[in-house]
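In what follows, a single structure is set out as structure tokens and then discussed.
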Amino acid sequence: MSLWLTGIGVSRGIAIARVQKLQAGDLEIPERALAAGEVDAEVMRFAAAHGIARQQLREVRAQIPAGTPSDIAAFIDTHILMLDDRSITDGTVQTIRNQRINAEAALRKTRDALIAVFEQMEDPYLRTRRDDVSHVCGRILRVLLKSERQLPQRSGQTEPFLVVADDITPADIILLSQQHVSAFVTEYGGPLSHTAILARSLGIPAVVGLRDARRLLRDGETVVLDGEAGHVLADPDALALDFYRAKQRAQAQYRANLIRLKGREAISRDGLHLRLLANIELPEDAKVAQENGAEGVGLYRTEFLYMNRKDLPSEEEQYEAYARIVQAVAGPITIRTLDLGADKQVDSGRSQGPTPNNPALGLRAIRLCLKEPDLFRVQIRALLRASSLGRAQIMLPMISSVQEFRQACAVIDAARLELIAEGKQLSGEVPVGAMIEVPAAALAAPWLARQARFFSIGTNDLIQYTLAIDRVDDEVNYLYDPLHPAVLQLISRTIEAGNAAGIEVAMCGEMAADPKYTRLLLGLGLREFSMHPEALLEIKQIIIESDVGALRKEVASLMQSQDLQEMRERINALGGH
Ligand code: PEP
Ligand code: MG
């Protein structure tokens, strides 16, 4: 008999495959008292296991195929760094010595204490990092207990398989992807976990948070997984199988058609050229962006240069990173200045102080840069130097007033004069634009447009701040609504203010990458879309099929509607998916 289960769909796609359950991640950890003479040997045993665990992670990293998005390797690097963190290494050694207990038990205590710290964190994104602690300590524990988790060995087998587990580490996902796993289901995790992000990057359909999945699904049985809806259908009947096979074929066909669009320009049915740009996180991503047909980079998030390290990147290091991108990309490159704070915390780069209660409303992005001018100055100098090598422009995040924008421009001007006085060769003026991601900036757009050379709408934050919803808090996720009329009004006003002032307006928030909203945004007058490179072709397809003139009229009319339900229905009727 068929069985329907529902979890959280975190990575799109249909899979029809046989279940392969992974052995439980939890381990039996014995505690044993040590005699005084055994302590040194136990510390050595821990150090050896730690070394093996690190080596294992390095091997996984080395197996990542060339051309894979760089964030995948970054996940493994994060685990390698965490493995070497002194709170894990020194903490465990101290417990072995002070409490005279075996390494496994000492490591468990370290792990549990660290997890308790993460679980108390206000920020839900940081709370999910408890999983990383658990994965990293779990790897050392398995070496100590000689209980390595066996991943399915598939050599010679061609039948599609789907993994069901309590939890899966990023490293295991990489190994499973090499075995061509069709999909996976986990009992724990949420859409923000690294496991979910990796599944999306690797294109593996996935459902997480499906409690009891291991009890309810049987090894070897056939299941259908819909990674968008979050459904898992066990033992499907012939009718259901036919339905999902047809859906799977349609999706494969759709993807194959998209690939043909790579070299084509994004020109609408009525002849309008729209600009499709890429959001990138690391210099290496520039190549993937070009391969996917991006005309340039609409958002380079520089904060990733500052993450996972103890020191700050020097001007020279930053210059080299920016120069690499500027030289690699033929089109325009919008480099965003540091957007640290809120869900993007780093070890370096900020003065130590108490953790704010509302980090998203606190000293983040441009506020932090203006408060710590030395930090900002170094980045600006590197940016100005690199921009002379190509078509770079500077984008300021989280601007909330004209005055703040002017203040940042003054720092940029001062850095330029400094460089000129030092005899550095600079190109002409580098355009400076504002991210519109705070409601105040959207409302002040007509004034800001007289100062800024371009706008880029950051809907991820604009929605969070307009609707007062913490964007990484699962509990209020259901309120996160790009179609809320207040959000649409702010987007529309920003585009209109930009157009009236004759400056370019782009959108670089996730809304620009969602095919559900492409026609609405075209109708609101948006002409530049910036998104993660994997989304580019799907959006291009919609643009090519759209009549922008007709959409302008329809959207202008529906925005006048007083009946919100009707407005939403008319937006949905625009299509785009
Ligand atoms: C945004 O806020 O929409 C945006 C693109 O910036 P980030 O997601 O990096 O805050
Ligand atoms: Mg933002």
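Going from the start of the chain as shown, residues are counted 1 onward.
Cβ from N, Cα, C; glycine included.
Because TrEMBL annotations are produced automatically, they should be read as predictions rather than curated entries.
TrEMBL lists R336, N460, D461, R471 as binding phosphoenolpyruvate, and of R301, R377, R381, R416 the one it places in that same site is R301. The Cβ of C508 (active site, proton donor) has 28 neighbouring Cβ atoms from other residues within 10 Å, across all protein chains displayed.
If you take the C-beta of E437 (Mg(2+) binding site) and look for same-chain residues 6 or more apart in sequence within under 8 angstroms, you find P397, M398, I457, G458, T459, N460, D461, L462, Y465, G509. For the domain 'PEP-utilising enzyme mobile' (161-230), DSSP puts the residue distribution at 22 helix, 17 strand, 31 coil. Here the Cα atom of H194 (active site, tele-phosphohistidine intermediate) is found 22 Å from that of C508 (active site, proton donor). Confidence across the domain 'PEP-utilising enzyme C-terminal' (260-545), taken as the mean pLDDT and rounded to a whole number, stands at 90. For H194 (active site, tele-phosphohistidine intermediate), other Cβ atoms within 10 Å of its Cβ number 23.
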